[in-house]
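Before any comments, here is the structure.
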Amino acid sequence: MRFARSSRIVALSATVALIAGGLSTSQADERDDLIRKQRQQEQQIQNLQSSLEGVNVDLQKTYVKLEETKAQIPGVQAELLVAQGELAAAQREQEQVAARLDAAKGELGTITTQIADGEAQLNETKDSLASIARAEYRGDNKISTIDLLVGAKSSDDFFNSLTASQAVHRIQSQTLTTVSQTTAGNKTRQRRQKAVEQTIGELKAEADKVVQTKAAKEAETSAKKAALEQLESSVTAQTVALESLKGEFQSSISSMNAAKNDTAAEIARIDAEAARQRAAANSGGGGQSGGGAPAPSGALIPPIPQPLVVTSPYGMRWYPFGGYFFHQGVDLRSACGNPQVAAASGTVASVRGAYGNDTHGNQIFINHGVIGGSSYITVYNHLSGFAVRVGQRVSQGQVIGYTGATGMVTGCHVHFEVWKNGDTINPMGLPGF
């Protein structure tokens, strides 16, 4: 036996992926806690439709709807947390791209200024070279050593003139070197300028993309917030609606008690009739036993195939509206229309339609007679349809009806009762279960 597990699993990314997408470790842990909470709530909702059987249907539906809405909130909160993390990541990326773009623009400005300064220096140097070239052309600078020697008034005058002439030539050489270096430097800066301009273009395109991503994440975050607010608003409205219906609960309890007593009376009638028939047979009166034959193995089998999923166990049942009620059978998960079979060989003692049998809906009683010295009767509630009639002999495993949601229930499931010597027992404690 195993208890019901949620069939609705929220498919979200793994924690590592979430952290990479913008969630911190603590945020990822919070998201996982929310998902675990949602799964637990969904498991509880799986059991509600069975555990609320017998209660006013409108009250059932309102309560289940409220719990379903509450169960959605952790999932939406987790999605909002993811969206907020992704938005924060987009904002950080936008800031990083903007910083890189500003740095690139600053570098471009510096390079542009350096190129302009170099061009100005180059133009000035070229002007100096032009002046030197014109002087050379006119012969102003063509003074030989002999000319200096002949024109010198003294040896000191010669050496001073020679030094000045050599200085002029050094200046010419340095000017040419400066022109070469400035030209080479500007070419390097121009290449860097083009590279930075290309980087700026790429960063602008990246910035545009990041802006679009951020806008999408902002819209997604807003949508998740709106969805969460809508759920919270629905919870408030459904809570109000539930409060207005709680007055129906006590009348439902009264109806369930009446139905419980009615079932017990029917069981007593069947047992009494079976005892009368056995007594008649034993006294030689010729009456048909009608007590039912024991199953070949002496054991009962479940009304549906294994594995069994219990959605509401046998015993005291707590209602969220207050109070307890004894659940005389066990509720098992089963889809609408699935066949249900006789737990053992016997006679169909009673077939009750849903009309006039509001709590139990379509209902079958099977008298299995005496098995192992005890009288056994099984009861099947909420059926969608019948496959047998009153008085019909059935064998163990024979289809007798089909899973449904008739009576005071809101979802299809099996409700199965075992009566032993006039009292109910827990079916899940039987060997065949």
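Note: Cβ is positioned from N, Cα and C throughout, glycine not excepted.
Ranges compared are 200-248, 298-346, 347-395, and TrEMBL records coiled coil for 200-248. Matching 161-183, 276-298 against TrEMBL, the residues noted as region 'Disordered' span 276-298.
Taken together, the residues of the coiled coil (31-58) have an average pLDDT of 62.
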